[in-house]
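Trainee: Encoded as structure tokens, here's the structure I'll be asking about.
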Amino acid sequence: MDILPYLTKIILLSSIGITIASIIVETNLISKIKKITKPICLISNLPEECVVSLLGNFINPTVGKSMLSGFYKENKVNEKEVIVTTIISPLPTILGESVFRVQLPLAVVILGYKLGLIYVSLNVISGFLQALIGILYANIFFERRQINIDNNNNEKIVFNREVIIKGFKKSLKILKKVIPMIVIFTLLINFLIKLGLMDVVKGLFSPIFRILDLPGEAITVLIANLAHFSAGYTTVDILIKNGVLNEKQALIVLLIGNIISVTMIYLKHSIGTYISLFGRFGLKLAVINYTISVMIKILLILLLIAFF
């Protein structure tokens, strides 16, 4: 594979995708998508404060956590309600911050429409399954309550020069993180393939990966994913183009990489955030949310192995 034309194409398309996504966010179009999460919030049988914090997660997970913490400290919600809200919270985060703003455009551009859409869909399904667990628990064990939320959305879609400039500036912040990772890992993986070190990697990890029907070289995707998910996408695409991975294997290794990324995020950021907002109770929240998230991803991997 000729690396320079490939790298140029990926950088160009990634830049266009991220920029367009950032501009779309600034037009207020994303606010219309909140209607996707509202029905789920309304049937969750949670108090209005929990629903409001869930909608905050659509904007940013830190916003949602901070709002929920405030309601908890004011005794407006109890521990069980906070736990269930935390379990449901990844869904609006996935739909809002992860998928529509960054993950979807990058996955489609780098992995292609078919593989990119399937992988992003698996992430969305993961969020829905986790939310379903929380919703079922709340409806079975919580007393039925009446929830009233204003569903009228008066925000208008705006598209002008100011919106374009603002979206472009936000895209630059994202691209400053994404582009270097794509370049570094594209060159690194290409170098390893040419050097033959992939054979060494294959020998070291083939026993474990054989169980999952993965080649030993797939470990490079996991390593790249530790730096940034876009680097993981790029590595997968390179391995597919070099005949190392097929689509099924690519999806499995991407989900494994997702588990590793989630683990690192929790170790680096989430646990500290939960504890700082909720005290000792925050550690319990982090452990519960992480455990359910990983278990669902493992389930999806097993389903891929069995049926894809």
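Cβ coordinates are placed from backbone N, Cα and C, and glycine is handled just like the others.
Below are the features I grabbed from Swiss-Prot:
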type: TRANSMEM; residues: 10-30; note: transmembrane segment
type: TRANSMEM; residues: 91-111; note: transmembrane segment
type: TRANSMEM; residues: 115-135; note: transmembrane segment
type: TRANSMEM; residues: 178-198; note: transmembrane segment
type: TRANSMEM; residues: 219-239; note: transmembrane segment
type: TRANSMEM; residues: 251-271; note: transmembrane segment
type: TRANSMEM; residues: 288-308; note: transmembrane segment
Trainee: Per the 3+ Cβ pairs under 8 Å rule, pairs at least 6 apart in sequence, do the transmembrane segment (288-308) and the transmembrane segment (115-135) touch?
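Mentor: In this chain the transmembrane segment (288-308) contacts the transmembrane segment (115-135) - 3 or more Cβ pairs sit under 8 Å.
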Trainee: What else in the chain is close to the transmembrane segment (251-271), if you only count residues 6 or more beyond its ends and a Cβ gap under 8 Å?
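Mentor: For the transmembrane segment (251-271), the list is 115, 118-119, 122-123, 212-214, 218, 221-222, 224-226, 229, 232-233, 236, 245, 282-283, 286, 289-290, 293-294, 297-298, 300-301, 304-305, 308.
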